[in-house]
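Remarks on the structure that follows.
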Ligand SMILES: O=P(O)(O)OP(=O)(O)OP(=O)(O)OC[C@H]1O[C@@H](n2cnc3c(O)ncnc32)[C@H](O)[C@@H]1O
Ligand SMILES: [Mg+2]
């Protein structure tokens, strides 16, 4: 089976990519398999810039094709926050619980019809000596008033996925993969994968 490297240290993303790439015939490795590699500093001002930064840095380091995901939650009533700061919204320790609590608190007085939000995912594919390829996907929702469900990761328990009529964390991995920002981005990449992967294997 061909191997694809995803430049992430996020366990939740790693699991989703593993499931999504399996049917395409790829085995996924992530930076969790390379503990010696340090976090890439996310200094970009957009999801796309940060995805490119992560993919290109790790592709150069490993000298092979790498895919990176930069993603997050944009809430209308908070003018798009937490946005690119989603992972660290409540502090550097990157706590999902603390991040969700901060959002719920900030939205306490926001009425039901003003709680629109969307997940965004930028995927960058970088290979040494080749032009980086970038796609993105979104998923529309509403911010709930309390946490629901136990699947997924990050903000999933407070995100009501409109397409499914359930909290994202109430969806099984298969159901989330039908509608998520990450799956929507990956679908745009699928047709390009064979050519991007040509000659991208381990040297
Ligand atoms: O940079 P890497 O190593 O990939 O891991 P990270 O967790 O720091 O990843 P990001 O910088 O892309 O930040 C993404 C954050 O956005 C949130 N997020 C992204 N996708 C999500 C999803 O599918 N469900 C819930 N929350 C999500 C969650 O808080 C993530 O930590
Ligand atoms: Mg990050």
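Numbers here mean position along the shown chain, with the first residue as 1.
Backbone N, Cα and C define each Cβ position, glycine as well.
Caution: TrEMBL annotation is automatic and unverified by curators.
Bear in mind that the values here come from a model prediction, so they are computed numbers and not experimental data.
Sequence annotations record features per position, and here TrEMBL assigns substrate binding site to 8, 9, 10, 11, 12, 13, 71, 153, 154, 155, 156, 176, 181, 182. Residues or ranges marked as Mg(2+) binding site by TrEMBL: 41, 70. For 70, the entry in TrEMBL reads active site, proton acceptor.
Comparing Cβ neighbour counts within 10 Å across the binding-site residues 41, 70, 156, the minimum falls on 41. In this structure, the binding-site residues 12, 154 were compared by how many other Cβ atoms lie within 10 Å of their Cβ, and the smallest count belongs to 12.
For the binding-site residues given as 8, 10, 71, the lowest number of other CB atoms within 10 Å of the residue's CB is seen at 10. For the pair residue 10 (substrate binding site) and residue 41 (Mg(2+) binding site), the C-alpha distance works out to 14 angstrom. There are 24 other CB atoms within 10 A of the CB of residue 181 (substrate binding site), with all protein chains counted. Under the DSSP three-state reduction, residue 154 (substrate binding site) is assigned to coil, being neither helix nor strand. Distance between Cα atoms for residue 154 (substrate binding site) and residue 70 (Mg(2+) binding site): 13 Å, as a whole number. For ligand 1, the nearby binding-site residues are 154, 156; that is, of 41, 154, 156, these have a C-beta under 6 Å from one of its atoms.
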